[in-house]
Structures are given as C-alpha cells and as structure tokens.
C-alpha cells in the first residue's frame, strides 16, 4: 500500500506540474538584435516614480471636502502633461508589475518560485539599455534590476528590509527616505566632478520606488486615513524632487517624468488577482517629449470615473502597462528592450510625425524580431512534415508590410505608416502566442490520457480487492501476456524516439511516457473489467442510470462550489435532510437533531463575506470563549464518566485551555498595539510561535480514545487558529469539528442500521473498555490505538461511495467555507500579524496556508475515526476519495483557458491548481492525521494511576 501511495503521489505531482508547462512556460526568447530609432530623442534623462500599490481611483478622486489629495499631480494633469489609466495584468504583484513597466513584457508564473524578487529568466530592460541608472527604494525591487543589468552602470540605494514593517508607527518613512536620499545624492554631486559629469550625460534614468502606500494599504486598508495621507506625502515629495531636478539642470527642458504604479489593491488590503481595483493604476507623464493637456468636450470611455474625478474635460489616454517601456525608451533614445511586447503609445508624444512614424517602425521591427526567433526555434525542433507555420504572417507578408511602411514614411504618409506598423505588431504578437502555445494541445492530450488511465486503474484496484463484483476472479495479479508487454514496450520506445528527434524538453518525456505504464496496468486487469461489466449488466438500467445521475450531480455541485460558494450552503442543507431519507431519524433522534443543527449552522459560513474584508476582533475573542466553555463541559463529563482519571491527563486539558486563553490575549493585545502604531509586542510574538509549535505535540500526549484524542486535537489547533484569525472565521473550525463528531456517530448508526455486523479478528484490535461480546457501540469507547486493516471483514457497498463523497465535500467546505481562496486577493496579511509584521513573502505565505490547512486536518482526523467506526479499509475509502478528486481535477483541466479577461484566465488556472493541490495534500495529510490520532507520547514513562 505504501508503494502504491508513493507512486500515486509522484503521478499527481506530474499532473500538477503539467499545467505550468502547458500554460506557464516563459515567453522569452533570446538572440534578437537591438532596435533604435534613428532620430534624436526629445529628452536626455527620465525620472520614473512608481508608487507601489497605488489605486487609480484613490489618486484621482476628490476627498469628502471636494479637494484633491495630490495637488501637484492634479496640476500636472491640468496644465503640464498627459494622463490616463495603466491597465495591469495578473498576477498583480510587485515584481511582475515592475517587469512590465521597465522591461515591457508580462512575466510568467515561474517568478513565484523566486518570491517575485530574483530573475528566474534573464531579460533585457530599459535600465539595462540606459547609459546610467540611479535608483532608490525597496531592496526587493531594486536588486532584481541591478542583478539583471549588464555592466556596472546601475546604482541602487535601498533601506534595510526590516524597515518594511506593517506594524510600524509611521511607514511613510519608506517614501521620505527615498526623497531625502535622492536630495542628498544631488547635493553631494555638486562637489563631485566625476558624478556631476555622469549626471549630465544623455540616456540616463532615475528610478524612485515608493513602497509606503502599499505597506499602509496592507496594514490599514486603502480606505484608511493612513493610506490617503501617504498619497499626500508622495505628492509633496515628488514636487520637491521635480523642483530640485529643474534647478540642478538649469530648466533645460530635457527631463521627462513618469508617475505610475505597479498594481492597485482591493478594499481589504490585498492584491495578486484581477479585480479592477488591482488592475487599474494611475499614469501621469510630463516634461520633454510629452504632449500638453488637451481639453475635450466628450471622451470615448463609458465608465463613470471621469465624472467622479471631475476630469471629464481633460483628455484621458489609457495604456497597457507593458506599453510604458517602449514609451520611456523612445523618450530618451535607447533601444527598445529586446523582450518587450509593449506597443508605443504615440498619442502621448509631443514630437514630429516623422519621429512618431520612425519610432513606431522601430517598435514593429523589434517585436517582429522576437517572432522570427520564436518561429525558427520551433521549426528547428519539429519534424518538417509535422511543422505548421503561422499562416497570417508569412515571410513574404513580413517583407511586404515592412517595405510598404518604409515607403509611406518616405512619402510622408506618416499616419498610414503608423497604422501599418500597428497592424504588423498585432500579427507578430499573435504569431508569438501561436508558437508559444504550439505544443499545448499535444501535451494536453497526453495529460488527459494519464488522468483517465490513473482514475481507471484506481477504480479497478477497488473493484478487484474491495468489492463483491469480482468474486469469481482471483485476487492475485496475473502475469500479463507476452504480446501485451511487448506492445506497450514498443509504444514507449516509439514515443521516446519521436520526442528525441524533435529535441523536446525532458518534461515532455514524463508527460508522454507516463500514460504508457498506467494503461498497461489497466489493460492487464482485463478479466476484472470483463467481470465488472457483466455484474453491471445485472442491474436494472433505470437503477444504474439513477446512481450515475446522482454521482454526476454530486461532482457538479463540488465543481460549481469553486465558482459559487453558496453551492456549499445548498449542499449542507441537503445533508441536513439525510436522516429523514435514511430513516435514521426514527433510530437516533438526538444524533439526527445534532446533525441537522450543525449542518445548517455550518451552511451559514459560505454566505458570509470573504474573510478579511470585515475584520472583527471581538468575534475571535467570542470564538475562544466558546471553546473554553465547551472545554469545561467536556472536562466535567470526562471526570464523571471515567473511573480513573490520570493527573497528567487533567494537566494536559488545563494546559490546552491555558493556550486558548493566551491566544485570546495575544490577539486582543496585538490588535490594540497595532492600532496605536506601537508595532508587534515581542512577548506576543514569542507566545504565538510557542503555541503554534505546541499544537503539533500536545495532542500526542492525550489518551488515544476516540473522543479524547479528537477533542485534544481540536483544542490545540484552535489555539493556533485563533492567532491566525481576524473575524468570524475563528468560529468555523469549532462548528466544523462539532459536525465532524456527529458525522462519526451518524456513520456508526448507519452501519448498524444496514445490518453489517461488527467483528474483530483478534483481541487488542480495538482495545475497547468492554469485552468483544459486550461491545458498547458508542464512539466514546473506541480507541485509535489499532493498526488494523479489516479489508477481509467486509466489502465495499454503495453507501461507502456516499461516505467518500461526504469527505470530499467537507474538504471543499474547509477550503472555501470562509473565503474563495481560488482568488489570490482573498488572503489577508492581517492574519499573520500575531507572528510577524515585517514583510516576508515565504513566511507569511506559509502561515496563511497553514491557516487554510487546519480545518482540512480536522476533517481528515474525523475521516480516520469514520474508517474505524465503519470497519472499512482505509485504502479502499481513500482510493474512492482520490478518484472523486481526480474527476474534479480533470473537469477543471478542461475548464482552463487562456482567453477572455485576465480575471477569468487566472481563476480557471487557480481552480485546477487548488484541486490538484488538494489531492496531493490529501495524501500527505492522511499520514499526518493518522499520526495525530494513533501515536501516543509518554513524558514520564508509564502514566501513573493517581486518581481524582
């Protein structure tokens, strides 16, 4: 069994990784020739201000008094420059946003592995093409471009990473540090002849990364006074910097300025997904080469922003974020970044029509170069009779468009030349996408074959070993026929040879060869398949169709719950009706009433707002109080029920209750400390980490009786969960755990009702307090101390499929019950403030993922108990759960798309990633749940028999 699960884990890792090879490979190519506009640029220098995390609406809108928050920027819009909205793409994170701004392309997800900090793939950028670049700001952003640049012409000045503290008293100091250090730098340059001469060179860039707004947004939300006041600080600082630069350069009119943001932020203080509040960022530019404001009577935009911002009479020109890189390159006369896919926004340029046409022609040639390299690479790696070129942009058409565009420029038909170049760019971009996704269908077919094969094989294992469908078939694995073995070996060799001659990446071999042994394992079970089909034919067609319909409906409800959380509510309401359908109501009314109550109570959570959007610390305190009250009731009951109660057990319960009290204290005091801007108290931080660490150990000290061990797990993990909670979600694990305990009792009642006898193979398997013949069927008498596989005791029944479905449904509820984590922006950084407030993406991400997994583990521990009480083999029930999860994963694989809005694209991919992660984590957490429920640590050797 262990070997099977290891193989299953590896197979699912392959399926999980396939989505990144199919949809998230790097779009970059290398080997292009730099392209430079052959006319003198309008500016000698460029100043780029990037206000990290700044939303367009918060900058442009007027405050409650009708005044602007950024008077300097507002004055630029009305009197000196041009403005609009920069549309970003998913993922709306700092590194991808800056790469789009400075390098002109949208980065792939491989950068996640580097925490959006380092360069996973080498690329060219405006900073690399500049003669000199000086930058000030966050070390996370500046160092990645300094490392990516060739030569030693990039200078970065950054503060210490520990300054990025969400709990600091005043994070605007991150921005004032940038402004102050730049002022000191220019002051020192007046007395440094070497530096002074560098600063007066052409093609230089000043990059100011301003992190204060983003940090305030995470800590206090974008609607807070701190966030809005930070905008005023940035506006005033920019005004001073612009004035200083104009004075330093003697108002020579050769400086171009750009002010924008890498991404926005949701109302609840997060970013990463595709909500408009995250993708709409401000863009304001002025100075050398930039058009002055244009008054208009009507504009083409159909949104209500212009009227809200009182800017309806000032021409708004929206651009894509990647378009900013070619604009900056055009302004200072450096080659367009080699990997840029941005289209030069010529409407922003205040220059001759000839300059615009030549710049657009250069832009078209630069993007066409990437298309040619990409096509050549794919053509060389594909057999000639298999290669299908991009028909819309043949080599003759390329030459024809380029000649025609050059002819238009010579004839001074500049508008026609610009239009033709834009057409060529669009065709080249489509061609780039075509060759980038050239192998997508081929890889997808192989992954689907692997999926279907694996699911079929797991189903056959259940049918052969754990069901009554194949009673006439030997349980031994028969040696496969020589012909079948040779056939699959031949297929594998042919596939490997086909990939080898096409010089395919090593991952292609895995995706294409994996289905071969899987389908070989399936077909060697031909006798089982035949016997199963014969057994199915004995069922009435209407009954078989009914079972199939119910199963399909259940899968669809699970799939729809990823899109609509209220489907979980509908499912839980249906679960509440279960006792009436099975007539458990007449057999066990009290348990049935508990099941109905907790099912309906849990059904409320998916209808609540997503966690983090409406934080309420008093709900966290209330949840902790309920856990304490429940603990007192349980402790009293145990003392009364037990004839012997060991002192160590009592101390453990009291210590766990103390952990709950400490968690409540830490949450409350940390919340108030951060409100007062006094930071995270060090003592609170220490207590939080101790409680988190102890939550893994304390349950192992408790008795292994089913009730006591499960309750000990709940207490220990609730103390950690409280520290990670910000609102109503603190109540979620408590309600879920109550429902899980009732589920265990309901399953035992269902088993007894169905007439399945309870048997044991030998003494000690269940370690009951009563003898086998006097077995007390209450779950409180069961022990987790058995290592029993009771496969031979009973076969699977149709009701066991329902049990597996219940588990998957509860797991999905544990994932989505308090928020839609398919959207990255559903996470709330405030959840980890009891542990740390200094920005650390890996540590913060790990803590937030652990918060998600805690309800998951509680469900898995209950699943261990269900297997025990229903006398069912853990392997068979777990296999059914994997099959249901894999069918869902295959469903989401077909729903993945790379067209439509970026929100739709990101959501479709994240759904597949989540359900595959759930399947993989399910395998790992099954082992963790088994450890938590069955292992017992003895601190003092044998427990003493002191009575109380």
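Yeah, the Cβs are placed from backbone N, Cα and C, and that goes for glycine too.
Taken straight from TrEMBL:
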- 430-901: domain 'GPI ethanolamine phosphate transferase 1 C-terminal' (DOMAIN)
- 441-463: transmembrane segment (TRANSMEM)
- 483-500: transmembrane segment (TRANSMEM)
- 506-523: transmembrane segment (TRANSMEM)
- 544-564: transmembrane segment (TRANSMEM)
- 593-611: transmembrane segment (TRANSMEM)
- 617-638: transmembrane segment (TRANSMEM)
- 650-668: transmembrane segment (TRANSMEM)
- 680-701: transmembrane segment (TRANSMEM)
- 730-746: transmembrane segment (TRANSMEM)
- 804-822: transmembrane segment (TRANSMEM)
- 877-897: transmembrane segment (TRANSMEM)
- 909-932: transmembrane segment (TRANSMEM)
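The listed stretches are 441-463, 483-500, 593-611, 730-746, 877-897; of these, 877-897 has the most Cβ pairs under 8 Å to the transmembrane segment (544-564). A Cβ distance under 8 Å defines the sequence-distant neighbours of the transmembrane segment (506-523), meaning residues of its chain 6+ beyond its ends; these are 11, 14, 17-18, 21, 439, 443, 446-447, 449-450, 453-454, 456-457, 460, 480, 484-485, 488, 491-492, 495-496, 499.
Taking residue pairs at least 6 apart in sequence, the transmembrane segment (909-932) and the transmembrane segment (593-611) share fewer than three C-beta contacts under 8 angstroms. Beyond its flanks by at least six residues, the transmembrane segment (650-668) meets 617, 620-621, 624-625, 627-628, 631-632, 635, 638-639, 684, 687-688, 691, 694-695, 698, 701-702, 712, 715-716, 718-720, 722-723, 725, 834, 948 of its own chain at Cβ-Cβ distances under 8 Å. Using the rule of three or more Cβ pairs under 8 Å, pairs at least 6 apart in sequence, the transmembrane segment (877-897) is in contact with the transmembrane segment (441-463). Confidence across the domain 'GPI ethanolamine phosphate transferase 1 C-terminal' (430-901), taken as the mean pLDDT and rounded to a whole number, stands at 82.
Beyond its flanks by at least six residues, the transmembrane segment (441-463) meets 4, 8, 11, 14-15, 18, 21-22, 469-470, 508, 511-512, 514-515, 518-519, 521-522, 525, 528-529, 532, 796, 876, 879-880, 882-883, 886-887, 889-890, 893 of its own chain at Cβ-Cβ distances under 8 Å. Residues of the same chain lying 6 or more positions beyond the ends of the transmembrane segment (730-746) and with a Cβ under 8 Å from any Cβ of it are 578-579, 584, 588, 591-592, 594-595, 598-599, 601-602, 605, 619-620, 622-624, 626-627, 630, 706-707, 710, 714, 717-718, 721-722, 779, 806, 810, 813-814, 817-818, 854-855, 858-859, 861-862, 865-866, 869.
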